[in-house]
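The active site, proton donor annotation in TrEMBL covers 150. If you look up TrEMBL, you'll see 150, 151, 152, 153, 154, 191, 301, 354 marked as AMP binding site. Residues annotated as Zn(2+) 1 binding site in TrEMBL: 154, 190, 191, 301. The feature Zn(2+) 2 binding site is assigned by TrEMBL to 191. Marked as compositional bias 'Low complexity' by TrEMBL: 463-474. According to TrEMBL, the feature compositional bias 'Gly residues' maps to 475-486. The annotation region 'Disordered' is assigned in TrEMBL to 408-438, 451-525.
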C-alpha cells in the first residue's frame, strides 16, 4: 500500500512507496489527487464561512429584534388610539388643499391619518384589523427623526395632499382601490428615518447608506424602513391581501417612494411631457399609470409651494434651516464650501433661489398634470366617415375637466356654456346637441384621432376654449391660492357624475343642423 507525503505535491512521485506490481502512479493520477485535495480544502473553507455567516445572521436578527422593539409603537399608545373617537374629515379640513397642520397636536396628526384610511374605505375593503392600523400609524410616526423639515408632519402633509387630489380632485377615478392604498402608504413612509441630509451628502461622506445604495440612496432607505415596519409584529396592514395583491401594492409603494427623488423626476419628466403633449395618454395602461403615480408623488412632495402665503413662507424657512444645517456639516466634516442654497452666509439669495425652484420644478410639473388630466376625450364607438346623406350615429365625445370655478355670467347655448363646478362632464353628440352635468365651454370639433386620443393641436384648442373664461378668476392660484396647480379650491366632496347614456334620436326639425354637423365630422377617421 502506498504511503503519501502531502506537504509538497511536487515531491509526490518520489515519496511514493510502491507495493504490488511495482509501477508508480501516473501523471494523471497525481493530477486527480491534487484536484481532490483542492476540493477538500474548498469544502472545509466553505464550511467555516457558512458557520461565520450563521453567526452574523444571528447577530443581525438580534439587532433587528431590538430595533423593531424600540421602533414599534407601544401597546399603551396603540390601545389609546384604538379607543379614541376619530373626528370627521371636515373637522381636520382634509378635503382642502389649504390644509394646515400647525394647530394639530401629535395625537391629532395620528387621528387625521386614520381618518384618511377610513374615508377611503380601505380598512373595510382590504380587511385591515383596526388595531394593526393604529399600531402601524404610530410606528411610522415614531420612525421619523426630529429634523426641522423632513419629519412626520411633512409626511402627513404629503399624504393629505394625495388624499385631496384623490377625493377633491377626483383623481381616484384613475386608480384602483389597491393603488389608492399603496399611494397613501407611500406618502406616509416616503421620508422614513430621514437624517436631514440629502443624497449628495451621503455620497460625499461615503456613509454606509451610500455604500449600500448607489442611486436614490435615501429613497431606497426610506422604502427599506417601510418594509421593516410592515414586517414587525402587529404592524402588517397588508396581512389580509392575497399574494398577487401584496406583490402589486408593494410594487406601487416602492415605485412611488423612489419617485420622490428629484433625480428620478427629471428622468421621468420628459416622458410624461411627451405623452401629454402628443395627447396620446391612457392612464389605465401600466407604464403610463406608473408614470402618473410618480408625477403625483412629486406634486404632493413639493405641494407646500401651493399653500397660502403665510403657510408656504413658514415651511420655506424650515426647509432653509435644514439645508443650512447640512451646509454647516459639510464645512465641518468635509472642509468644503456648500452650494448656495445650503450656505448660511448666502441666505440673502434664498428668495431668488425659491423662485427658481418654483419655475424649474413646480410650475412645469403642475402645468403638465393639469393638461394631462384636464382634457380626456373618449369615443364610445369608432367613427369612419359621415356622409351628407347618412343618419347621425350614436357617438358621444366626452370631455372631463378638472378646472377652477368659472364666472357664472357666461353665455349659455349649444356651443358655449359656463363651468359651474370644479369637475364637469360634457357630451357632444354627433347630431350637434350638447348635454352636461354642469356645462363647459365647447368648440366644434374638426378632427379627432381614432382610438380615443386627440392630437396636440386639438388638445391646445380644447384647452384654450376650456380655460379662456377662467383666466381672470384663476390668477394667483399657484402662489398663495391654496390650490395645487389648476386643482379646485375648497369644494368639499364632489358628487359622482351621472352615467353616460346613449343619445336619443334627434327630432325631424333638427335635420338641417345634423347635416351641418355631419359635414364638420367628415374628417374623423
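Glycine is no exception: its Cβ is also placed from the backbone N, Cα and C atoms.
Please treat TrEMBL annotations as automatic predictions, because they have not gone through curation.
These figures come from a predicted structure and were not determined experimentally.
Each residue in 150, 155, 158, 187, 194, 260 lies on the same chain as 154, 190, 191, 301 and has a C-beta within 8 Å of the C-beta centroid of that Zn(2+) 1 site, without being one of the site residues.
Cα of residue 154 (AMP binding site) to Cα of residue 190 (Zn(2+) 1 binding site): a span of 10 Å. Taking the C-alpha positions, the distance from residue 301 (AMP binding site) to residue 190 (Zn(2+) 1 binding site) comes to 9 Å. Non-local neighbourhood of residue 151 (AMP binding site): 144, 145, 191, 194, each in the same chain, at least six residues away, with C-beta under 8 Å from its C-beta.
With a 10 A radius on its CB, residue 152 (AMP binding site) counts 22 other CB atoms from all the protein chains. Summary: among the recorded positions (150, 153, 154, 190), the fewest other C-beta atoms within 10 A of the C-beta are counted at 153.
Comparing residue 354 (AMP binding site) with residue 150 (active site, proton donor), their Cα atoms are 17 Å apart once rounded. Scoring each of the binding-site residues (191, 301) by how many neighbouring Cβ atoms lie within 10 Å, the top position goes to 191. Rounded to the nearest whole angstrom, the C-alpha distance between residue 152 (AMP binding site) and residue 190 (Zn(2+) 1 binding site) is 10.
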